[in-house]
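First the structure, in the form of C-alpha cells, and then the observations on it.
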Amino acid sequence: MLHFLLLSTLLLMAQADPFQLDALIQYVDSHQDEYVETLRDWVAVESDSSDVLKRAELEHMMDITAEKLRKMGGKVELVDIGDQELSDGTKIPLPKVVTAQFGSDSSKRTVCIYGHVDVQPAKKEDGWATDPYNLTEINGNLYGRGASDNKAPVLAWIHAVEAYQALNMELPVNVKYILEGMEETGSNGLDAMISQHNHTFFSDVDYIIISDCGWLSRKPALTYGTRGNCYFLAEVEGPKQDLHSGVFGGTVFEPMTDLIGILDTLIDSSGKILIPGINEAVAALTEEEMKLYEGIEFDLESYQRKIGVDRLMYSSKADLLAHRWRYPTVSIHGIEGAFSAPGTKTVIPAKVIAKFSIRQVPDMDPLLVEKQVSDHLNAEFAKRNSPNKLKVTMVIGAKPWVADLKDSLYEAGKRAVKTVLGADPDMIREGGTIPIARTFQDVTGKRIIMLPIGGFDDGLHSQNEKMSRYNYIEGTKLFVAYLHEVAQVWKVVI
Ligand SMILES: *[C@@H]1O[C@H](CO)[C@@H](O)[C@H](O)[C@H]1NC(C)=O
Ligand SMILES: *[C@@H]1O[C@H](CO)[C@@H](O)[C@H](O)[C@H]1NC(C)=O
Ligand SMILES: [Zn+2]
C-alpha cells in the first residue's frame, strides 16, 4: 500500500501541468526579444536556393534548423532527397529536408507543419534601405530577406512547441515538422520525398499545416485556396539566322510577327480568355461565395495606390477578389530571342520563344489546358499561312488547391484567432500558387489548413521584405493556441 502510494505520488509529480493559455501567452511575451534574436541569426544566413554558389550557406541553414529542433528533444532527421541537375549537366546534392517529431502518443492527433528556410535572392543595391541579411527593426517592423517568407513563421511554430516544453505543459497533439530548402526554386525533390515517405513519416499524420502566405489586410485571415499555374513556351522558328530588315523585310514571314499575332489571341483587353474550353471549365460562382467576398476587409483604392495604376480591371471589391482568387488569367512574361537591348537595331530574329502562364482554378485540369492551348495556338497559327514552325510546350502544370470552408480544421483556426487576436479572421484565398499544398493533398490524402501570420504588406520576394514584431509574436501565440484547438478536431469531416 505504501509502495503503491509512493509510486502514484511519483507518477503525479512527473505528470505535466494542465493547459493554461494565459501562462503560455505570458511566456511568449517575456521571450519575444530572444525570438527576435533567433530570427536575426536565421536571416543572417544567406540561404538563397536560386544561387548554386550559395549552396554551402543553404546547407548551413538546414543544419541550424535541425540543430534547433534536436536541442528541443525532437526526433530529427536530415533526409537526403537526391541531386539537382544544373543547366550544364553537372549534378550537385539538393539541400536535405529536415523532419522532426515531438511526441508519438497514439491517443493524440498528429499535426505536421510544413515550412521552408530558403529565401529569394537579395542585394542591398537592388533598392533595400537596410542590409537584407542583417535583421533591422524600424518602427516595429523587422526588415530582412526571408523574415516573412518563411523564416519567422517557421520559428513561430518552433517557439510554440518550445513554450509548452518550457512550462512543462503536455503538448495537446503530436507535432511533426517538414522543413525544406528549395521552395523558392520549385521544391525540387520534395514531391518524390513525400511519396517515398507516405507510409512512414506521413502515415500517422492527421493534418498538415502550412504557414507560407500572408493576410490580405490588417485583419487576420485563414487561407482556404490557392490558384495553380500552367506555364507555356511558344516557339516560332523561321530563317536559319537573324536577318537584316533592310535587306529581307517584306520578303519573309517574320517569326516575331507570327508570335505576337498568336499571343494576341489568348486574352482580350477586358480580361476575357479567348482559348476555347477554358472558361467553360471554371466552377460556377455561388451567391454564398460572392457574399463572402463582399464581407472581406480589402480596400480597392489603397490596392490601386500600392501598385501605382490609374484604374483596375474591376471596380467592385467582390469582382476584383473573385478575379484574383477564383478565375483563371493569362499573363505574358517575356520573349526569348527578341531584341531587348537599348538602341534601334533593325533585326528580324530568326527564332523567338514566348513565355506565358495561365493561373489555374477549380475545375480546370492542367492536362486538358495543355491540349486546349496547344490546339488553339496551332489553329491560330495555321490561319496565318506561314511557313515558319510553331512549337508549344507546357513546362509547369500545377493544379489549384481549395479546402472545404466548413472543415473543422478551419473552425479550430477561427477559435484560435478569436482567442488570441480578438477578431474573426477573413476567409481568403491566394492568387498565387503554392504547389506543395496540392501535392500533400493528392499524395498523402491528409486534410490541410493554411494558417498565415505574415502581414499584407510584407514585401515577399521584393526589396525591404519585413515581418512586424506584432505579427511574429502574436503569430507565435496564435500557433500555441491552435495546437490546443486542433487537438479537439474530429478526424473525420462531419
Ligand atoms: C547590422 O546592422 C547594425 C546597425 O546598422 C550594425 O551595427 C551591425 O554591425 C550590423 N551587423 C552586421 C553583421 O553587419
Ligand atoms: C498514402 O497513404 C495514405 C494512408 O495514410 C493512403 O490513403 C494514400 O492512398 C497513400 N497515397 C498513395 C499515393 O499511395
Ligand atoms: Zn514562401
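Glycine too: its Cβ is placed from the backbone N, Cα and C atoms.
Note: TrEMBL annotation is automatic and uncurated.
Look at TrEMBL and you will find 1-16 tagged as signal peptide.
Contacts of ASP212 (Mn(2+) 2 binding site) defined by a Cβ separation under 8 A and a same-chain sequence distance of 6+ are given as TYR114, GLY115, HIS116, ASP149, ASN150, PRO153, GLU183, ILE434, MET450, PRO452, in order along the sequence. Residues annotated as Mn(2+) 2 binding site in TrEMBL: HIS116, ASP149, ASP212.
For ASP118 (active site), other Cβ atoms within 10 Å of its Cβ number 27. The feature active site is assigned by TrEMBL to ASP118.
ASP149 (Mn(2+) 2 binding site) falls within a helix when secondary structure is assigned with DSSP. Under the heading Mn(2+) 1 binding site, TrEMBL lists ASP149, GLU184, HIS461.
The feature active site, proton acceptor is assigned by TrEMBL to GLU183. For the recorded site, GLU183 (active site, proton acceptor), the DSSP three-state label reads helix.
If you look up TrEMBL, you'll see 225-383 marked as domain 'Peptidase M20 dimerisation'.
Taken from TrEMBL, the feature site 'Important for catalytic activity' covers HIS244. For the recorded site, HIS244 (site 'Important for catalytic activity'), the DSSP three-state label reads strand.
Ligand 3 lies within reach of ASP149, ASP212 from the recorded positions ASP118, ASP149, GLU184, ASP212, judged by a C-beta closer than 6 angstroms to any of its atoms.
HIS461 (Mn(2+) 1 binding site) sits 40 Å from HIS244 (site 'Important for catalytic activity'), taking the Cα positions as reference. The DSSP secondary structure for ASP212 (Mn(2+) 2 binding site) is coil. Once Cβ contacts within 10 Å are tallied over all protein chains shown, the recorded positions HIS116, HIS244, HIS461 are led by HIS116.
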